[in-house]
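Report on one structure; see the data block that follows.
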């Protein structure tokens with residue numbers, strides 16, 4: 001298989017997104033949003049310091065499972081070998097990191113601490 005351009009593809013399910021351009025654009029948008037959501041979930045804090053360990057552990061495990069599931073859906077979509085889908089996935093992860101993981105939108109003063117000293121609830125996504 002090789003990378004190709006075109007809107008006549010199948011992603012994730014038989015017959016989806018179909019063979020018209022509007023369905024293809026919807027698929028590109030979905031892959032972009034999934035990549036963005038994976039980055040958002042990777043850099044968010046839902047667990048409160050007042051939660052007990054059992055509740056925090058269950059919530060953290062559920063968030064991890066959801067993030068891994070979304071990341072695998074993006075990976076499977078990219079395995080369609082469509083260049084548009086690949087670019088949408090990379091753009092989703094990139095814009096997601098820019099918004100949620102980088103210092104670009106951080107209003108606090110830039111300090112010499114590492115951005116990973118105050119980690120989110122989940123460990124970094126390693127792929």
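A Cβ is built for glycine as well, from the same backbone N, Cα and C atoms used for every other residue.
Unlike curated entries, TrEMBL annotations are predicted automatically.
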**Complete:** For TrEMBL, the entry transmembrane segment belongs, out of 23-42, 103-122, to 23-42
**Prompt:** For which of the residue intervals 1-20, 81-100 does TrEMBL record transmembrane segment?
**Reply:** 81-100
**Complete:** Given the transmembrane segment (81-100), its same-chain partners at Cβ distance under 8 Å and 6+ residues beyond its ends are 1-7, 9, 11, 24, 27-29, 31-40, 42-44, 74
